[in-house]
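Engineer: For reference, TrEMBL lists these features for the protein:
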type	residues	note
SIGNAL	1-19	signal peptide
DOMAIN	22-87	domain 'J'
DOMAIN	147-229	domain 'CR-type'
ZN_FING	147-229	zinc finger
Amino acid sequence: MLLFPTLFLLGILPWIALCADDFYKLLGIEKDASDREIKRAYRTLSKKFHPDKNPNDESAHAKFVSIAEAYDALIDPETRRIYDQYGHDGLKQHQQGGGRGGQHHDPFDLFSRFFGGSGHFGHGGGERRGHNMEVRISIPLRDFYNGAETEFTIEKQAICSACEGSGSKDGAVETCNVCGGRGMRVQKHMLAPGIFQQVQSMCDACGGKGKTIKHPCPVCGGARVVREPETHQLHVERGMPKGVRITYENEADESPDWVAGDLIVQLQELEPKMESGDALKLDGNFFRRRGRDLFWREVLSLREAWMGDWERNVTHLDGHVVRLGRDRGDVVQPGMVEIVKGEGMPIWDREEQEGDEDEFGALHVEYVVVLPDQMETGMEKEFWSTWEKWRKKHGVDLHKDSGRPAPKSHDEL
Ligand SMILES: [Zn+2]
Ligand SMILES: [Zn+2]
């Protein structure tokens, strides 16, 4: 009875070894990936497959372990070269032969080198968690409309990678012999014969850490952390609302003493700039957004507003053209707002609003009519005589013609 499972296992083991995933594929990176890209891939994937996040999922656990293995192999130039040339087998031989480089980390230990703490997530479980960080990033309305893949860089406290957060050049950390590792010293003062006062104070030999380092790390000076810029990918989805918060788990300040908190990015809208020579913006026209709707101001001349027969091509935020216009005789009143359906913002939270079939909000076009403040003398004269002629003939009254109630003081046109 016992024979069968044993044979079965023997049969399957070599198969597992043969099919070990390619390290580059595992991390989702190219063969020529830089150290930064390797680190970034590790950061992303190790959080995704961390067993704390995937309880009772053996395949996630296995993947978490493989990701750490892949990282260790590729981040070291020597082992990476061996891996590139001879693959998994070559690497195994190298490691069995006691080759230098490619430190083999316990996967949880490696995780803690990146995110602090003991290698576990700080959600419950009594693990100390660092503060969350919040940053605001402004992007142009265009990116809210079209969606965007961009990146941003922030400076944060990071665990020193040279000493892996130990603060020691040679990795040796000793217990402070002054305080015995407690970080505190108790001193007795005699207040009067036979009467003592105990005073507790921070151990100044180790600065309260309880540990001392003979040879501090030259990079962080023994502080175990450094300040460094870190670049993150920013994925802006079409129609995301202003002020939306995007969470980057465990990407806030790091420390060996706690699990890094979250980095929260709040998206703001960049104010449109007026100074550029962009012809579209010369007249101060740009799209403004309120929720899922867009607003646009279009300027018409007196002739256009009154007589009709005009056309406008408004270039939208993705470059497509919205045509506006009126036939001859079609009057536009100053301040009139025309609502163009389907030309507003893409609707981001469409799934949440049931029965909402629209993919886009509306575009509100407000018409501003500009009267000429100067006319050629000849033109002015002609207009004047036309007015006079028709006024005398019909007694033209614009208020009456427009069907509006007559104002109290009856001004003629
Ligand atoms: Zn001490
Ligand atoms: Zn260091």
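A Cβ is built for glycine as well, from the same backbone N, Cα and C atoms used for every other residue.
TrEMBL entries are annotated by machine, without manual review.
Note that the coordinates shown come from a computational prediction; the quantities given were computed from them, not determined experimentally.
Help me understand the surroundings of these features in the structure.
Structural biologist: Over the domain 'CR-type' (147-229), the average per-residue pLDDT in this prediction is 88.
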Engineer: Which residue counts does DSSP yield for the domain 'J' (22-87) in the helix, strand and coil classes, in that order?
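Structural biologist: So the domain 'J' (22-87) is made up of 48 helix, 0 strand, 18 coil.
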Engineer: So, by DSSP, how many helix, strand and coil residues make up the domain 'CR-type' (147-229)?
Structural biologist: 0 helix, 40 strand, 43 coil
